[in-house]
Amino acid sequence: VCEMLDGPGRRSRGNVVLTKMVDAEETVWAPRLGLRGVVDAVAVGKLESVGVDGGGDSKPSVSSGIVPVELKTGYWRSPVEHGAQLSLYTLMLAERYKQRVPFGLLHYTRHPGGGTAAGAASRNKKDDETLAIRPGKRDLAFLMLRRNALAGALCTNRGGSAADGADAESRDDHVGSGSVARGGVPFALGALPPMEQCRSECERCFVRDACLTVNAALEGGAERSADPAIAALARETVGHITPALAKDLKRWLALVDMEAAASAARRATPWMPVEDVRRRGAFAVAGLKLAPSKKFAEASAEGQGGVSANSRRYDLSEDEETDGSAAAEEKARTKDSGSGSAPRPFVYKLYLPSASSSGEKSKSTDLAALRAGDRLVLSRERGGVVVGRVIVLDVVFDPLPHEVASGIEYAVAARVESERVVRFHGPGAATDADAWRVDRDDGGGTMSGRVRAALVDAFASKNERAVALRRRLFELAPPAFDFDAADDALQKLSPSGAAIVSALNDEQRSAVRGVLAARDYALIQGFPGAGKSATLAAIVRALVDAGKSVLVTSHTHSAVDNVLERLPGVGVDAFVRAGGEGGKASAAAAAFCPGGAKHAARSVEELRALADASAVVGATCYAAANHPLIARRRARRSARASAEETVLDAAKNEHETETGFFDVVLVDEAGQMTLPASVPALLRGAVFVLVGDPAQLPPL
């Protein structure tokens, strides 16, 4: 039994039954609607109404079909916001499954006070509440109008450019003449409508801080607010953003938009004809066939089977091939892994059937151009159904004997890894006759979104990390050093650590001492071949000897690996490489990835213990933003640290129970990184060290 909502004021009771689970966490692309999202669960369900409150027809009715199910683990809220999300999912699933979606289900695990008798009695609510929503035509039309208005605002600003914003920090007008003409607020390559002026709504909004921060940078904030209540709320929330900081944020947001515009053409557009994609300079290949790959052994430390040592991949053997059902998927993903093991990815081959036509040969050449680590969007040509994202493992040119015996012949095939099984049974499933398509997705928009969010968060936050980072990066506060503490730390190095530092030249030893003395930040500059990498390895060893935790980061995987590969040579092997799976890390560094030769951790508990125990973590600046091994790492005081060790102790003690915190963040090749890209990593530490040569290479 559940509560039903047919529209404002139209509530009733009903009986709901879910007869079959179709998929979980399904990524749904709806190109015709211009929407994309991830549905918690897709099921086949039936809803029978038993009565109506608030007027209307009270006759019982029965609705059945494919339905979206959304699970809300927080407290119950007004169903308007969540109902809008669910209503859009009904439209998206209707396009995805080519059938009418009659209703959707919201399930709340908790209500305010639901855990206490008094709270439940006062609100007449309980835990585990289910709400069925049957959106009407007017509701859906309103939501699509709002979607179209927002999409129209966020489309590329043809009347101006993001460059206008980068050069306009001294002006008070909006960025870009086109934005001014439309009266919008320039943001993310478009023009947002002016901010709503309703304090009661803004106070409860989950993006209040970010919204008011952008408002302060782009609309003048409290000083230009027409509503005194909103102005007061802005001062309470983002009053710490001075005019100078707002000017900096406006400039950097415009520059992030410029970078996003440059990579927009490389985003996957599987709804466009392949010819149009190629004219845009992007990559797409159609007419492919899909088949499960033969099982190959997980690589050992020596790289047996030709697979890199970081591999956590499994192919389906002939006796493991699933029918695409949820039960078969779960069995295959947990087979021989033990309870609580990490999910097993699936490996498929995408190939072009052997043909002699010039068109097919051209496609074969295109497929052969793929490289390990390329990220693709996989979709079915029939109906344009996007299945999800995959990563290229390798490209092969000769079919295996069992494939030839099965009638599978090709000149070239790409082996790809997917976190999800491709369903061949059930509603909306693929068939053996389907032709497939792949589009390369360089992820520029995703990276820009992460950088933009981190930049806004750095200005919005009032926590100690963000305040310190703003003071260092934007207010250009001079660095502070405690060389007495550094000398004390050098005296306490282990014999092997002291020998490593002693082997350096005078300038390198001075750099090690400077980092140990740094109270907020330090800079190390050196021309190519000056020994920066060797110095970094010695710095990491000295910090580890002092009981400090270190995040090693850079803009590229190769730069991160270049530092990590030197650490075993200086006696540091208690480190983990985060975000290097799928062939992104070098073979040597990949051994230190979770599940690699050095770290067999697979279960959630084992991964958590690995993250907490690792004194050194290496990751790109983008992975540093939200990789679980970093974000959920619990900072703790090292057993080796003592009250007499003063270097960074004060900062460390304040963050003993904080997650995602490091004593020192080392940024190699810092000259290749833009300031916004560095923010997520720099927010992770008490002290940061920038290493590089600004006269060598420009930012990537």
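Yeah, the Cβs are placed from backbone N, Cα and C, and that goes for glycine too.
Model, not experiment: these values are computed from the prediction.
The domain 'DNA replication factor Dna2 N-terminal' annotation in TrEMBL covers 13-43. The domain 'DNA2/NAM7 helicase helicase' feature in TrEMBL is assigned to 504-568, 659-699. Annotation source TrEMBL lists region 'Disordered' at 299-341.
Mapped onto DSSP classes, the domain 'DNA replication factor Dna2 N-terminal' (13-43) shows 0 helix, 27 strand, 4 coil. Mapped onto DSSP classes, the domain 'DNA2/NAM7 helicase helicase' (659-699) shows 11 helix, 15 strand, 15 coil. Taking the domain 'DNA replication factor Dna2 N-terminal' (13-43) as a whole, pLDDT averages 90 in the prediction.
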